[in-house]
Structure formats: C-alpha cells, structure tokens
C-alpha cells in the first residue's frame, strides 16, 4: 500500500541493516553474544566527547553485558558480569565509567568498568570480624571528606571514606588490644578517641598513625565524649568503675584526670550535646549535667523504664537550637522520651517498640533497643533492635513513621550523618540470647549505608 515511500516520503537508508537477517523483519544487525533470558534493562552510555558508544543490557539470567557500538552499527562484546540475581534495572554513572545495577536479590551494585570491580552500594567493604559496638561519622568540616569509623569486639577500629553516592573505601585500621566499647572524633576530624574494655582510653592520630594512652580507669571504659565549651575542652569518659572522668588533651600523655565524679553505680550509656550531658547507670538512674562552665550535676532521676538501660540520645527543643531532653532505650523493647525541664509532666512518655507483631507460642517476643539516633533537622528518631529491625518515629506527633523488614541479625548500632541524608547501621550478634544463641553463621558483622532523609520527615498533618 505504501510502496517504497510511505506517508512521510522516501524511506531513509538503514545503516544498520543486515540483508542476511531472517529473524528481524527490519533486517537490523543482531548484537553478538546476546543474553540467555529476557532483557529487562537496556541503556546507552552518556554522550561524552572522545568516548565510544557503549550499550549495556541486564536480563533475567542475572548477567549484565556491555557492547561497544560503532557508528556503522558494528558491535563488539566488551564485558559481562553475573550479579547473582535477575537484573531489573540499570543506570550509567554520569562519567560513563561505572554502572549501577538494581537486582531482584534486593541489592544495588556499582560496577567499575575500568577495574572490573563490583561493590554492593550501601555496604561497607572489609567489615569487622565481631560485633560492632561503636559507629560514628566524622565532624562536618568544609572541604573534608566523609569518614565513618567503627569499633568492635575484635579489638579493631576501622575507618572508611564514604562518597555521597554510597561508595565506601577502607582507609585505615588499628588493633588496640581490647574490645572497643565506644569511639569519639576529635573536633577537627583528625584524631579518634577509643574507649576500651582493657580499661584504657586512647587517642589515634590518623595523619601520623600514632596512638597514645589518654587515661586509665579501674574497670572497662564504656563511653567517651568530647566536650568543648568557651572555657575548656576535654574528654569525658564513663566506666564500670562507677566514675565519670574528664581528661585534658593539652597534657598528653597524662594519667591524671582534670576531674573525677564518683557515681553510685556502673555507667551503662551516656550522651553529650553541649551544654548537656546525660549518663545512664546500672541502678536505672539518670544523671544530668551542665557542662558549660565546669561539670555540674543538675538532676538525678530514676528512669520510667523498669528494666536495664541500653542506650540514650539527647534531642533538641522544637526550635532545633538547644538540648531539651533525651530518649532512653531499654532491654525491654521500650523507649522513654524525657524532658529535663518541663512545666507539663505529660510531655514525658514511653512507647513500646521492637516486639513481635504476632504471638509466638502464646507470647509476644520482646527485644532490646540497641541504639537510638536523632535526625539533625527534623527531630525524628531511629531505633534499632535485637529483632533486626530499624524503626523511625516522630516523638512530637507520637507516631511511628516506618519499620523495616527484619535483617538476618540484630542491628547493634546506628548513626545519622550531620547532613541528615544518610544513616550507617551495623548488624551482628548482640548476645541478647546468650552463648546459646551464638553460631558460626551469625559471627562477624556487616555495616550498611541507608538514605534516610525522606523516610524520617514528619508526616504532614491533614
């Protein structure tokens, strides 16, 4: 009906035509080494001056394939990788050197074509060999990269550099000779304080790779926090020896603390958000301190939680300016929101979390709250627990924003970057079920990065 010229005039010459093709009615050139199953994703690389044309495919046979394509339609197979799960989508990195791969195995990978290396996006490489006890991002300083440090029960601290796209590179590690119970960055991001079960707190200078002992307690050191005021700067450490000690960094190396506060019981958790310091004790009491002039106790209160305190995090007031109170998590799957100074006692409340949604043998399983982290911009919070779940909460609206599917192991630590864009969390055995719950299958830890900003935004009121 249309003859050789159709409604739009003469047909253009098909430069990719293959007169010998019998499978394609358009007689187009077939790409060599095609996929063995249905193609789910197909994309050309970004057009960049001087760079060849590449075509990438992802298919249900779990393989991604790359071909170089000439302007005359000639194709040459260049590379391929099996990702271990059906490929559902692909995206080129902006410079055309890497490819993002979305897979049915629930992971996003990044394939570097130059090195032929593939990493799971959001997974930190070279993870610890034992449970992660401490996890912190470096302070945000203009021109300085993002670093993440972990401390674990294998006595090793590890540092990774993190890009904004979720890529991680292992940068340094040190064995301190004892399980690491807490970590803190020095204010300029060049050094790391390490609190250890060997009763010592150390300072690791990343530039020189030198480590010195800052101070010693009589029992394992559970917490450490850097305190910087207009009048002084020091390191605050809390220990199972029932003391809170303050160390002057101008006198290194030193074994003499600036001040020592005797406590009625062991330190189980603490947090500092200047000028407030909060310390949770084994006797279920909370000590609140003002740190602006010199450490001074302003309140001693019994917690509203009936079981052992596990973690604490300070939150700011609704104007996001000054510290106003704290969230306390316990082994009983419950969190207390406590304001330090309030005219309305109803501002303080507790809520249940990290519990089984269904009854198991007629009972509800209750799991420990292992860590709490507040979003720096919204004031919402994340809790992580022994049930392997991450939950996001709006304390002001008293609502749950979201709960994750369970991880294969308990979530032991979580930290949110100061930008609020990403959260790092660690999974591994937390010994909540004792020695009987340990096996070779759950040994070691993994650390992940998660984009959390959208999920932690408070819901708009209708």
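Each position is counted from 1, following the chain as shown.
Any Cβ shown, glycine's included, is placed from N, Cα and C.
Summarising the annotation, TrEMBL assigns compositional bias 'Polar residues' to 14-25.
According to TrEMBL, the region 'Disordered' annotation covers 1-28.
TrEMBL lists 87-121 (among others) with the feature repeat 'WD'. Note on the repeat 'WD' (87-121): residues 40-43, 45-46, 48, 51, 54, 56-60, 62-64, 66, 79, 81, 165-168, 449 of its chain, located 6 or more positions outside it, place their CB under 8 angstroms from a CB of the stretch.
Positions annotated as repeat 'WD' by TrEMBL: 180-214 (among others). Distant neighbours of the repeat 'WD' (180-214): 133-136, 138-139, 141, 144, 147, 149-153, 155-157, 159, 172, 174, 220-226, 228, 233, 235, 237, 239, 247, 249, 252-255; these residues of the same chain sit at least 6 beyond its ends, with a Cβ under 8 Å from one of its Cβ atoms.
Looking just at the repeat 'WD' (214-257), the mean pLDDT is 91. Annotated repeat 'WD' per TrEMBL: 214-257 (among others), in sequence order.
Taken from TrEMBL, the feature repeat 'WD' applies to 369-403 (among others).
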For the repeat 'WD' (369-403), distant same-chain residues with Cβ under 8 A (at least six beyond the ends): 310-316, 318, 320, 327-331, 333-335, 337, 349, 351, 353-356, 409-416, 418-420, 423, 425, 427, 430, 432, 450, 452-453, 455-459
